[in-house]
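S.K.: Before I ask anything, here is the structure I am working with.
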């Protein structure tokens, strides 16, 4: 027994020293990042949350405040207390500085104020009790007051925020409980073309399809809803699902089984998916379909890459985006510019890619900084990034969360992205 302890001690010391070295490197990188913020960003707002949040999404509304230099915009957040406290679905109100409408950028005075004083506030404006950690939360596009969540116990929940007070206490009382999964999950997506149509994916390897449009919700009753269809097509954890932005019957899913699958919800769910693509050599964590281009799709993987695909011929990869140093978990196209894609990783970075730059010639010096399509790398977090979200109302504004409770709202400098973007064809990526 004593020999085993002696043998294990050097290994433990090595791991401890490696962790100390890593934390030292992270702090040095953060210090360097902070020094360069005035040159790299038009806006940075940092806010410490009470508890970590695994999920973030901007709501679509924007409230202009007369006589001020800012607007009020809102974020959906959750809590991740790991059983140490009551969990909540949260709405945060964010003061965002006004853009100069003529140049679609922040005015210089507001940039300096935001960077120097942190004068724009972030406040939790609504807290709704939630059963367990909030793994994912998304609003219904047709009715933003309706929010779906994925919980840690396998159930999904529907909340009507108008049925809850600003700071609700007590037990969780969702408007509906969606029972269909036997394990927790993170896959959650509303159908943008079919109100009330919702897809979920979980660790039980199942995709569930739900219809909540026919339900009428009240503040006093929690309804139990069963799925209208279940897909047992993956052979491992389903990590993400996304409906096609233009076609209501098309649903994409990705899994630890390394496949990208395209489903047609009009077909028999007992049959094999119409398209099954072995997209990566390791687990696929996220999928995103371009909102402007019907055929352009991206996947993010544990192999540290993002892959681009053409839905007309998805069995041949268009291009690989390389720049992350660890597993890629987050993926979202810009809602404003067709060729702009962002990704996040356990390497504590959010990368912004410009597909128009694929194939551009580089000097050896530029090549050392990454591929030509790597437009920007946000390095403001010192812990693993949970999720990020593009702001729908302000071009080039992103909100991102890290496991250390830090929420950041940021916008790269116009010097970096300042040019008009044109449409990109999948043929140009080949």
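A Cβ is built for glycine as well, from the same backbone N, Cα and C atoms used for every other residue.
Keep in mind that this is a model prediction, so the values were computed, not measured.
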S.K.: Tell me which range among 365-369, 370-374, 375-379 Swiss-Prot lists as region 'Interaction with the histone H4 N-terminus'.
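M.R.: Range annotated as region 'Interaction with the histone H4 N-terminus' by Swiss-Prot: 365-369.
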S.K.: Which candidate in 226, 425 appears in Swiss-Prot with the annotation phosphoserine?
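M.R.: Record lookup, Swiss-Prot, feature phosphoserine, residue 425.
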S.K.: Considering every residue in the repeat 'WD 4' (279-319), what is the mean pLDDT value?
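M.R.: Looking only at the repeat 'WD 4' (279-319), pLDDT averages out to 98.
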S.K.: What is the Cβ neighbour count of residue 296 (site 'Important for interaction with HAT1') at a 10 Å cut-off, with all protein chains included?
M.R.: 24
